[in-house]
Amino acid sequence: MAKFTVCLLLCLLLAAFVGAFGSELSDSHKTTLVNEIAEKMLQRKILDGVEATLVTDVAEKMFLRKMKAEAKTSETADQVFLKQLQLKGLPVCGETCVGGTCNTPGCTCSWPVCTRNGLPSLAA
């Protein structure tokens, strides 16, 4: 929902920009501007997917390393990952805060979006 809201806001801003300055821009400039914005939005979406994949992969490797070392500790793999890489509040849970609460387990409200306290479970 948050990504949709941001996309809608960008489209409205683009429409306002083109409407306000449209007479000063040629059709080729308008097309170039729209194409550049669309390309940047696509790149952002791709990078978000890569980031989520990397976080999950690193968490799995750290968990396996800890299992192989047979360290006797009460820390979970999520806590170790947070301490070593200082990733606090990542990744985004994929929902917006409603009344300061989040429906997804393990997520807290970091207005306007819900963020995880730790990492997604390895089964996800």
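Glycine is no exception: its Cβ is also placed from the backbone N, Cα and C atoms.
Reviewing C11, C102, the cysteine that Swiss-Prot connects to C114 via a disulfide bond turns out to be C102.
In Swiss-Prot, C109 is paired through a disulphide bond with C97, chosen from C93, C97. Around C107 (disulfide bond), taking its Cβ as the centre, 21 other Cβ atoms fall within 10 Å, counting all chains.
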